[in-house]
Amino acid sequence: CSNHNHTLWSNSQAVPLFLSEMAPCQHRGKLNNIFQLMITIGICLANLVNYETNTIKGGWGWRLSLGLAVVPACAMIIGSIFVPDTPRSMIDRGKNDEAKETLRRIRGTVDVDAEYKDMVVQSKFKDNEQSWKAIFSRKYRPQLVMALAIPFFQQFTGINVIMFYAPVLFRTIGLGKNASLMSAMITGAVNVAATFVAIFTVDKFGRKLLFNIGGVVMLICEIVIGSVIAYKFGWNGLGKISGWYSTILLFFICVYVGGFAFSWGPLGWLVPSEIFPIEVRSTLQCVTVAMNMLITFIIGQAFLWALCHA
């Protein structure tokens with residue numbers, strides 16, 4: 001768990017920031033959403049591995065499932081060797097010539113003087129700012145509020161209850177062990193597919209529209225899911241869901257996951273990386289990730305307790 005959390009922390013902090021500094025502005029949205037796509041593919045593959053290793057006899061399945069995590073870890077280590085640093089980061093550390101050469105290489109042109117000079121000016125301005133003290137000033141108060149609010153509401157959509165505990169949740173509503181793992185695979189596949197919607201629409205229709213549509217879709221699905229479970233289980237938690245009710249629940253859970261995957265999922269990382277001023281961007285990105293991890297921890301710890309005491 002600690003290795004997973006450390007990886008998630010470092011990637012969530014570094015990758016959106018890296019992409020916001022490297023990507024051309026006209027492609028920033030879709031490139032940043034590809035980061036979320038890779039996360040959803042990883043979740044889907046993890047569900048597939050869990051399903052396949054569940055059939056191994058002798059209690060070795062979960063050990064193999066955990067051990068296979070070394071494969072993506074090695075890929076990340078090897079890939080990081082070949083990833084260039086951002087020009088902005090190089091300028092901040094006084095490597096101006098290297099920064100200009102890297103900027104030419106990633107833009108595919110030698111005509112980068114205007115962008116380079118702008119980075120130099122912003123870097124000098126950053127040197128005059130004390131980032132952690134500055135974010136609490138009136139000037140950056142709107143950005144600080146967004147750094148806290150966006151990850152807070154992203155996690156309180158409840159998505160990590162589905163992503164963390166899908167097999168447990170599906171077994172609770174009456175599905176068998178294998179059927180629960182298969183249902184988790186289905187939701188993982190929906191998560192991947194819906195993320196493609198964000199990639200191809202975020203730069204065309206904008207961020208706000210996707211936020212609104214995704215929020216409405218998730219709200220409707222949560223009302224339906226909650227109503228069905230309340231009807232079948234009642235207040236005492238005694239009951240059983242089978243037949244069409246299980247199908248209906250699985251369908252609306254998939255729609256809910258899809259609604260998150262094209263809206264609050266990718267946009268929860270994209271929008272903060274875009275709205276933070278460059279001089280305090282890395283600091284506010286830390287705040288965003290810290291809030292995300294805090295709420296994820298609270299929800300992860302609270303859900304099973306609530307489920308077992310319902």
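Here the Cβ of each residue, glycine as well, is placed from N, Cα and C on the backbone.
Curation plays no part in TrEMBL annotations; they are all automatic predictions.
If you check TrEMBL, you get these features:
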type: DOMAIN; residues: 1-310; note: domain 'Major facilitator superfamily (MFS) profile'
type: TRANSMEM; residues: 31-49; note: transmembrane segment
type: TRANSMEM; residues: 61-83; note: transmembrane segment
type: TRANSMEM; residues: 144-168; note: transmembrane segment
type: TRANSMEM; residues: 180-202; note: transmembrane segment
type: TRANSMEM; residues: 209-231; note: transmembrane segment
type: TRANSMEM; residues: 243-271; note: transmembrane segment
type: TRANSMEM; residues: 283-307; note: transmembrane segment
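The list of residues near the transmembrane segment (144-168) in space but at least 6 beyond its ends in sequence, with Cβ under 8 angstroms from a Cβ of it, reads 43, 47, 50, 135-136, 177, 180-181, 183-184, 187, 191, 218, 222, 253, 256-257, 260, 264-265, 268, 271-272, 275-276, 284-285, 287-289, 291-292, 295-296, 299-300, 303-304, 307.
Residues 29-30, 33-34, 36-37, 40-41, 43-44, 46-48, 50-51, 54, 162-163, 166-168, 170-171, 210, 250, 253-254, 257-263, 265-267, 270 of the same chain sit 6 or more residues outside the transmembrane segment (180-202) yet have a Cβ under 8 Å from a Cβ within it. Beyond the ends of the transmembrane segment (243-271), by six or more residues, the same chain brings 12, 16, 28-29, 32-33, 35-37, 40, 146, 150-151, 153-154, 157, 159, 162, 170, 173-175, 183, 186-187, 190-195, 197-199, 201-202, 207, 210-211, 213-218, 221-222, 224-225, 228-229, 232, 292 to within a C-beta distance below 8 angstroms of the stretch. Within the model, the domain 'Major facilitator superfamily (MFS) profile' (1-310) shows a mean pLDDT value of 79, rounded to a whole number.
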